[in-house]
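> Pasting a structure below so you can have a look.
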Amino acid sequence: MICMSRKPSPTRRTRIHRFHKGSCGRKLVGLTCYDFSTARVLSDCELDFLLVGDSASGVIYGYENTGSVCLDEIIYLAAGVVRGAPNSFIIVDLPFGTYEKSDELAVETAIEVIKRTGASAVKLEGGARMACRISAIVRAGVPVMGHIGFTPQTINALGGYKIQGRDNADLIYLDAQAVEQAGAFAVVMEMVTEDLAKTITSEIKITTIGVGAGRYTDGQLLVINDLIGLSEKKITFAPRYASIDNTVASCVKLWRKDVLEGNFPQKDHIPA
């Protein structure tokens, strides 16, 4: 299959300046997004960025862990998001196994993502151990967002789903410095203690984005499914602002009832 390349629009590309620390004078706000229709809605919500996250592994594809999603699966989703929100700053996660092996592999993957989706930047997990990969991708001309603290792709190595920074604060602090020095334009801190996140935010020069990392990061990011109530699990740091799952179920049941009772379709539902 021949795959046409897409070039990011100048509008999306220039918005990376919004991530310069303190340039907005307010918190940056972002959500994950996985499809065209949702992207179209979110494009009018004054968000600073959208992330096509590898969290799609569970919430979209139904895999048991984040590491199961493959590159093509992420790329297909990201291309739809870019089409739905053409003027948004869109970041795409590099899936597990697509960048760790070598600088060359990391660069190839990052460039493929940008060329095939038209996204603005990529995100990868890992601090000091991935600094070389970040530097290589940045040198190749692709903006990189880092990700430290709890890193879902390596959940087994972290000993499960738990808060980071209680007994490894020094290592996470060094990770933040390494990501900054490698040339990342921002860094996600996931499930990091609030005090550590506050310290890191005050001492590094790149923008920090918190995911369950307290009140003092430069910005906040959540999985949209958690925010709108379209996920089975309730996450402590992600309050539900709606219950879309219940709304959808109610609509479907009402429509089914109308069909069975002969109330659908009515005359105005029939094409002329």
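Cβ from N, Cα, C; glycine included.
Among the features that Swiss-Prot reports, 3-methyl-2-oxobutanoate binding site is placed at D54, S55, D93, K123. What Swiss-Prot lists as Mg(2+) binding site is D54, D93, E125. The feature active site, proton acceptor is assigned by Swiss-Prot to E190.
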> Return only the integer: C-alpha distance in Å from D93 (3-methyl-2-oxobutanoate binding site) to the residue listed as 'active site, proton acceptor'.
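The residue listed as 'active site, proton acceptor' has its Cα 14 Å from the Cα of D93 (3-methyl-2-oxobutanoate binding site).
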> Do you know offhand how many angstrom separate S55 (3-methyl-2-oxobutanoate binding site) and E190 (active site, proton acceptor) by C-alpha?
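Cα-Cα distance, S55 (3-methyl-2-oxobutanoate binding site) to E190 (active site, proton acceptor): 13 Å.
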> If you count Cβ atoms within 10 Å of the Cβ of D93 (3-methyl-2-oxobutanoate binding site), leaving out that atom itself, what do you get?
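Its Cβ has 27 other Cβ atoms within 10 Å.
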> Round to the nearest Å and give the CA-to-CA distance linking E190 (active site, proton acceptor) with E125 (Mg(2+) binding site).
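It is 10 Å, counting Cα to Cα.
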> Using a Cβ-Cβ cut-off under 8 angstroms and a sequence gap of six or more, which residues of the chain neighbour K123 (3-methyl-2-oxobutanoate binding site)?
L51, G53, I91, V92, D93, L94, V144, M145, G146, H147, V188
> State, in Å as a whole number, the widest CA to CA span among the 3-methyl-2-oxobutanoate-binding residues D54, S55, D93, K123 given in the record.
12
> Can you list, in sequence order, the residues of the same chain other than D54, D93, E125 whose CB lies within 8 Å of the CB centroid of the Mg(2+) site?
G53, S55, T66, L94, P95, F96, K123, L124, H147, P152, Q153
> For S55 (3-methyl-2-oxobutanoate binding site), just count the other CB atoms lying within 10 A of its CB, please.
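The answer is 20 other Cβ atoms.
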> From the Cα of E125 (Mg(2+) binding site) across to the Cα of D54 (3-methyl-2-oxobutanoate binding site), what is the distance in angstrom?
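So the alpha carbons of D54 (3-methyl-2-oxobutanoate binding site) and E125 (Mg(2+) binding site) sit roughly 11 Å from each other.
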> Tell me which of the recorded positions D54, E125, E190 sits in the most Cβ-dense spot, judged by other Cβ atoms within 10 Å.
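Neighbour-count leader: D54.
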